[in-house]
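Record features (TrEMBL):
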| type | residues | note |
| --- | --- | --- |
| TRANSMEM | 21-40 | transmembrane segment |
| TRANSMEM | 52-75 | transmembrane segment |
| TRANSMEM | 95-113 | transmembrane segment |
| TRANSMEM | 133-154 | transmembrane segment |
| TRANSMEM | 166-185 | transmembrane segment |
| TRANSMEM | 191-211 | transmembrane segment |
| TRANSMEM | 251-273 | transmembrane segment |
| TRANSMEM | 279-302 | transmembrane segment |
| TRANSMEM | 314-333 | transmembrane segment |
| TRANSMEM | 353-372 | transmembrane segment |
| TRANSMEM | 384-404 | transmembrane segment |
| TRANSMEM | 410-432 | transmembrane segment |
Amino acid sequence: MKNELFEQPIPKLVVKKILQMSLGILAIQMFALVDTWFIAFLGTEPLAAVSFTFPVVFTVSSLSIGLAIGVGASVGRLLGQGEILKAQRFTTDSLILATFLVAVLSAFGILFMNPLFTAMGSGPEMLVLIREYMLVWFIGIPFLVLPMQGNAAIRASGDIKTPSKVMFLAGLLNAGLDPIFIFWLDMGIRGAAIATLVAWMISFCVAFYMLRYRLKLITFEQFNFETLLKNWQQLMKIGLPAALTQMLSPITAGIIISMLSAYGVASVAAFGVGVRIEAILLIFVMATGGILPTILGQNYGAKNYQRSAEAIRFILTRVTLLYLLLYFVVFIFARPISRIFTSDPDVIELAVLYLRIIPLSYCGMAATMILAQIYNTLHRSMTSLVITLLRISVFVIPMTWFGARVAQTLGVYVGLASAQLISGVIFFVVTLRLANKISQQTVSPLEQQAMETAK
């Protein structure tokens, strides 16, 4: 039986997998976008309150995402080496650890909610709205762990469609439940969080059924405590640095929001609208992050080095070009897009400003994100963490801070975009060099003989 991951032409394979992955990511991002759209009808204050929650929401979610990266990278390589039983055991053990860690982080979030958001610049009245939303969200986030980790394992096996279906179902449920809880049951901002919680619980049940009974990736057999600890150690080796890498972006967003809070509620609300729209615009680069453990992980694990390098080059160049073209579309339609989410003229103007400046740097963001995910897939997640730390500490924070001092909100946007563009150019070159280095790797005669025997 032919394996498309090893034999199908790279351009055709990458485009197909990205399109399949994008559907699921779009559905997940619609969670936040639909919430923002409905909450905007409640007024600027609730919209700003939800904007304050972004860094915390994404930081907690990043732990699960980072661990999912570890699952995908490890399972992809195990499957590429033909170790199916080990892949099943690793998936199961990883789910246990990920659920526990996210639950602990959520508990800390509930305990320290007030001082956390106060430090970000939230006032007492805003804090009341934030608590309404975040208390429900913290309770619900553990239900998202199994779909996230399980989907990463499924994608690593080469099946992109099933995770996309699970995510699409969750997004569709959230969109349908939002107006019911927010308006019909008159729960306001709390209703948006409850709608998300219900959608997560249902997707949890669907994902468990698929993983356990259809795909057999959850197993309760051959349990061994020594193996459990070994798998946890392997997951943390890759997943913890990957999680920290993922967390750095929302933490940075929190710093930026604290800067913008000095310029009024409208600045914070507009930033929130921009970030929500950005999440949709970045689905293609996020999709590449989702398929790299599948294509690169399995080919690298099978020692197909030339094919691995070809995939990296194709993904990097095509995604960068795509975002350069996308910028002009967003620039033209920035105003009508902003009007979808708010009727406040001040928020609209600032959101338009965001959409006409920041998307220019998406090609730079894409290069950085692709390089980081490549290193995660190659089990070098500490290198990925260093790349992200350099981008934020050397470029993003200093340039954004300087921009804020010079031109307030406009300066923040220009500084952020400039930082992402400059760092992106550097990491684009680094990624091409890495691809060349991988292509020069060779398989020893003994390894070649073993691979031919396995076939």
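Glycine residues also receive a Cβ, built from the backbone N, Cα and C atoms like all the rest.
In terms of C-beta pairs under 8 Å, the stretch of 52-75, 133-154, 166-185 lying closest in packing to the transmembrane segment (251-273) is 52-75. Stretch with the largest number of CB pairs closer than 8 A to the transmembrane segment (52-75), among 95-113, 133-154, 191-211, 353-372, 384-404: 133-154.
Contact between the transmembrane segment (133-154) and the transmembrane segment (353-372) is not supported, since fewer than 3 Cβ pairs fall under 8 Å when only residues 6 or more apart in sequence are counted. If one looks beyond the transmembrane segment (384-404) by at least 6 residues along the same chain, the residues whose Cβ comes under 8 Å of a Cβ in the stretch are 241-242, 244-245, 248-249, 252, 255-256, 259, 368, 371-373, 375-376, 410-416, 418-420, 422-423, 427. Sequence-distant neighbours of the transmembrane segment (95-113) (same chain, 6+ residues past either end, Cβ-Cβ under 8 Å): 56, 60, 63-64, 67-68, 71, 130-131, 134-135, 138-139, 141-142, 144-146, 148-150, 218, 228, 232, 235-236, 239. Only residues 6 or more beyond the boundaries of the transmembrane segment (166-185), in the same chain, are considered here, and those with a CB under 8 A from a CB of the stretch are 23-31, 34-35, 38-39, 41-42, 147, 151, 191-192, 194-196, 198-200, 202-203, 206-207, 210.
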